[in-house]
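The compositional bias 'Basic and acidic residues' annotation in TrEMBL covers 556-570. According to TrEMBL, the feature domain 'Ig-like' maps to 137-240, 245-328, 347-409, 416-501. According to TrEMBL, the feature region 'Disordered' maps to 549-570. Positions annotated as signal peptide by TrEMBL: 1-27. Positions annotated as transmembrane segment by TrEMBL: 515-537.
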Amino acid sequence: MAPKVSPSCRLVFCLLISAAVLRPGLGWYTVNSAYGDTIVMPCRLDVPQNLMFGKWKYEKPDGSPVFIAFRSSTKKSVQYDDVPEYKDRLSLSENYTLSINNAKISDEKRFVCMLVTEDNVFEAPTLVKVFKQPSKPEIVNQAPYLETEQLKKLGDCISRDSYPEGNITWYRNGKVLHPLVGEVDILFKKEIDPVTQLYTMTSSLEYKTTKADIQMPFTCSVTYYGPSGQKTIHSEQTIFDIYYPTEQVTIQVLPPKNAIKEGDNITLQCLGNGNPPPEEFMFYLPGQPEGIRSSNTYTLTDVRRNATGDYKCSLIDKRSMIASTTITVHYLDLSLNPSGEVTKQIGDALPVSCTISASRNATVVWMKDNIRLRSSPSFSSLHYQDAGNYVCETALQEVEGLKKRESLTLIVEGKPQIKMTKKTDPSGLSKTIICHVEGFPKPAIQWTITGSGSVINQTEESPYINGRYYSKIIISPEENVTLTCTAENQLERTVNSLNVSANENREKVNDQAKLIVGIVVGLLLAALVAGVVYWLYMKKSKTASKHVNKDLGNMEENKKLEENNHKTEA
C-alpha cells in the first residue's frame, strides 16, 4: 500500500506530483518483445473500489516521468498524451493493460502503471526489453584465391540489423577457428544505426592456408539473444581456390597408344601438379641438347624410326624439376625380289625372296590368287600352273595398322607342244582324233585333212587350264587320210600329223548287209509261194468233195497231190 497523501493536497495535480516520489512495493517485472511486434504490459495491480483513474508513464534516463496514457474509472474514456514517438501506437484496455504496437528499440524503457484513489496512488513498474534477430550472415569481400604458407585475408563475415549485438564465429570444415598468431587472425567490429539503433556486426578473417585446405568449406555464424533465449544462424559454405607451387612434373604422349609407328603424329604433354598449373615448359628431344620452349604441349608430325629415344620436359624456372618418357617408333620394311610382272619360260628356275626388317618380330603370309599358301613359293622348274598373282604380306601384331605387302605377277610362257591321239568307235564306223596342245599364250588350233572322208563333228575344244587344252574331231574315212593339227601362238607355230586308214571292217560290214538283204528277200519269196499253193489247195478241195462218189478212183491221186502240196509249202 502506497503512503497516504496529505489532506491538504486533494487535487489530482498534487496527487500526481506526490506519485512521482512514491515507489511501489512490487518488484521488477520484465516484458520481452520482438522487434516490430506488439508490446503488451499488464498493470499488475488490483483495481481498488474507490478508483478515480489509471495512468501510464515511462521514466527518462534522468528519472523524470513522461505521461503517455490516462483512463477515467467513471467516464470510461481514454486519453493519450501528446508524445510524438507513441502517436497512434498506444492502446489502454479497461483493465489498464497497455499495448504498444510496432515495437522499436527506443521502447526499451521502464514503464509504470499508476492507479489513483482519493487518498492513495498505487504503482507497478515494468521493464521492457526489445530483441531483433539479425540477418543471415554471409561471407563477403572473398579472396579470389588463397596461397599456401601465406597469411591472407579470406573475407568478411557480416550480419546486419541485430539487437542487441550478436557475436560472430568462423569455422573451417565445421570446426571453430580460434585466433592463432601467424596463422589465424580475427578482427571483430560492430556499428549501430543512429535511426533504428540496430547493430551490424563484421568479422574479418586472415588465414594461412596449406594444401590440406583444398576443397575445405569455410563458414561463419552469428549468435544472438532473442525473447526466448540464445540462438545461432549459420552462413552458406564457401570453398576457396588454393594456389600452391608445382612440386612435380609429368610427361605423357597424346593420344594414348599401345604402340607408335612410322608416319604417326604424336603430341608430348607436360603437366605440373601446382595450382594454377604452369603454362610453359622446356622440351628436350633425343639428340638435341638445347631445349625447346613451348606451351604444355609439343607436337611431332610424321615420325620416323630415328625418333626413337628419351623425351624430357621441365619447368622454365626450375629445370632441375624434370620428367622423361621413352618413345619407340615401330617400323616395318618388306622387300620382294622379284616383284611386279615377271615373264619366264616354262622349265626355267625362279628364286623368290621376301625380306623383312622390323622393330620386332613380324608375321609373314604368302597368298596366290587370294588363296593362302602353306609355305613361301620356290620354283626350280616352272610349270604353267605356277603362273599367277603372288602376294607377300607382313604385319606387326602388337602395332595396330602396321602392315606391308608387295606382289609378284608371274607369267610362264612356252612354245606350243602337240600330242595327237586316235580312238576308234566300238561300232567301227568312225574314229575320234584328239590334238592335245600345251603352251602360253594360248595357242590357236587349226585342222587340215588330206584324203576323202566325212567329218562327223568338225571341232570340239576343252577349257584352257594351266596352259593346256585339246581339240578333237570325229571322222569316218572312206580311204586312208592324213590329219594335220597346227598350233600357233606369239612364240612359235607347231605342226603335227596323224595318218588314219580307211575302216578295216567296212567290207565285212557290206557282206553282212548283203546277206541280210538276201535273207529278207528269200523269206518274202517263200511266203509268196506258200500263199499261192495254199490257195490252189483250198480250191481243189472244194471240187473233190462234190465228185467224191463219181471219182473214187482218183483218191490216191488226190492224196499224192496233197502230200506234194504240203511238201511244197514246207
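Placement of Cβ uses the backbone N, Cα and C atoms for every residue, glycine included.
Predicted automatically and left uncurated, TrEMBL annotations should be read as such.
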Exercise for review: Please list, for the domain 'Ig-like' (137-240), how many residues fall into helix, strand and coil according to DSSP.
Suggested key: 3 helix, 64 strand, 37 coil
Check your understanding: Per DSSP, what is the residue tally for the domain 'Ig-like' (347-409) in helix, strand and coil?
Key -> 3 helix, 31 strand, 29 coil
Study note, to complete from the structure: Reduced to three DSSP states, the domain 'Ig-like' (416-501) has 0 helix, 62 strand, 24 coil
Point to revise | Segment confidence, the domain 'Ig-like' (137-240), expressed as mean pLDDT | key: 95
